[in-house]
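Report on the structure given below.
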């Protein structure tokens, strides 16, 4: 009798839980995944498993299942494990973008023979902003019912962080004079982009023309930059023509590297810099600022996101041969006096013990032909390419550097196994015969599984992965039979295009997992996606800027450090929202994508607007001289902004006016 009563009670309880679970479309009921907090631990797993709002749209892991279904009695331990996994994902995101995606973009730029002006504002900018853009696309794509707080929080949060904390830290370390024309241009466009984003949130809806308009605004920005660059080149030619007749030509602006014996000065305009995102440790090789035959190339440094950052955690910052040198600040001290023409200046980050040694996969010189020793030699060459440890620079690393090298070794190994790295500046263009043959199989296989199409059957008979493997093997055999170990084949450049596809999938898949994990943390701690975007996602994508740019400042190059602090976040906002919302509106019924507006989003938009307006007003008043006092002011602005955002999140304020 007692057992029957217990069974009846249990059925009634489960029926009550089931009544809360929507049985039709996810948006047909009022039940949210956050409601699992209302149940005790014995029913939380059941609720999470059966509630559609707890399902993930993309990605591979449902991160709520792990603490509440796999380790229900050890939830704190499970959350610690998930946080460590988040760190791994951020490292993976940075390494895949820096070491694999950017080299692939460089191959595309050179094989298509794009001018450096066009490459700077398109492919180069996309490479530098890839993690931020793909994170935004993933966050919008995974949003439910217009809840785009994670993407909005990350874009606004990263923008405020970079324009206040990064610029402020650089100013505190080394006061400098802001470059006038690029600064005014970028801030005005950034204000326009922020206002447009806020207007879309205000009306709680975005349609296809509005989404495409974000991309269109960036096109306008590109035109303004290119036209301004053309005017500047014309003025420089006229100035150089006049100065050629002067007796003291050496005191005028010169196109070539100039060393005055006490300091090395850099261009007065960020548009004279051209670098891809720096590698994060493995595959580190010298980065050169590419110059036109007759002019300083406009790489549009101000639109680059993370222009000199070296991944999420570690890397080496370098200013190498080919950098055009000109006046920076008259009498500015603190610049490395040892810079010589055609000599690399390594701005290594001592705190991370990162090394700039060239790695085996990137241009290792083999003393003998491996083919002469048969299969054993091929295995050695293959391992040389797969080896994830920086063996060449191991002895020069500190304890932390060695620990980090071991920590990211599994990540590097998997990426080496699936992504080719073609580098025209390295010996033999990084050709590794056995490894590149293997990439013909592993790269496409990873892509089909990462997009969840691996087990789809073609004609109901053969899975996609089987077809891809057969085609990959055939291609690998062709490559092996038409190449040798000593020199790269004529078609080696095509591996750069394969690397582009595979690295894009790696970045997007990683961004998906980061977004899913952050959303899970939001549910566990019952905080909004916007706060997670403002903090964890924004910090994760921006901490590299802070480390790299302050390293530049310590070496006496503050203006190079802040060259992308306004244009980079501008590009990320316009393209991140433009691309993601264009895709979302196209897939939405009627071409309209609903958006939720919250008080916290108002704080984020207001914080970005305040920081930009204050800089736009105060910096010209200070005659574009950014000193330590203003740097401290910017840090205070960010702390106040973050405090206001957290107070709003936890209900310390009532309804806001905006």
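Cβ from N, Cα, C; glycine included.
Look at TrEMBL and you will find 74-97, 118-140, 152-176, 183-202, 208-227, 437-456, 462-481, 493-511, 517-539, 560-580, 600-619, 631-653 tagged as transmembrane segment. Here TrEMBL flags 84-226, 496-645 as domain 'Sodium/calcium exchanger membrane region'.
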Counting by DSSP, what is the helix, strand and coil composition of the domain 'Sodium/calcium exchanger membrane region' (496-645)? 125 helix, 5 strand, 20 coil
How many of the residues that make up the domain 'Sodium/calcium exchanger membrane region' (84-226) does DSSP mark as helix, as strand and as coil? 120 helix, 5 strand, 18 coil
Where among 208-227, 437-456, 493-511, 600-619, 631-653 do we find the most Cβ pairs under 8 Å to the transmembrane segment (118-140)? 493-511
Quickly jot the same-chain residues contacting the transmembrane segment (517-539) by Cβ under 8 Å, restricted to those at least six beyond its ends, or write none. 33-34, 36-37, 54, 61, 63-64, 67, 79, 82, 85-86, 89, 135, 139, 142, 147, 149-158, 161, 598, 600-601, 604, 642, 645-646, 649
Can we call the transmembrane segment (600-619) and the transmembrane segment (183-202) in contact, meaning three or more C-beta pairs below 8 angstroms at a sequence separation of 6+? yes
Between the transmembrane segment (631-653) and the stretches 152-176, 208-227, 437-456, work out which stretch tops the count of Cβ pairs under 8 Å. 152-176
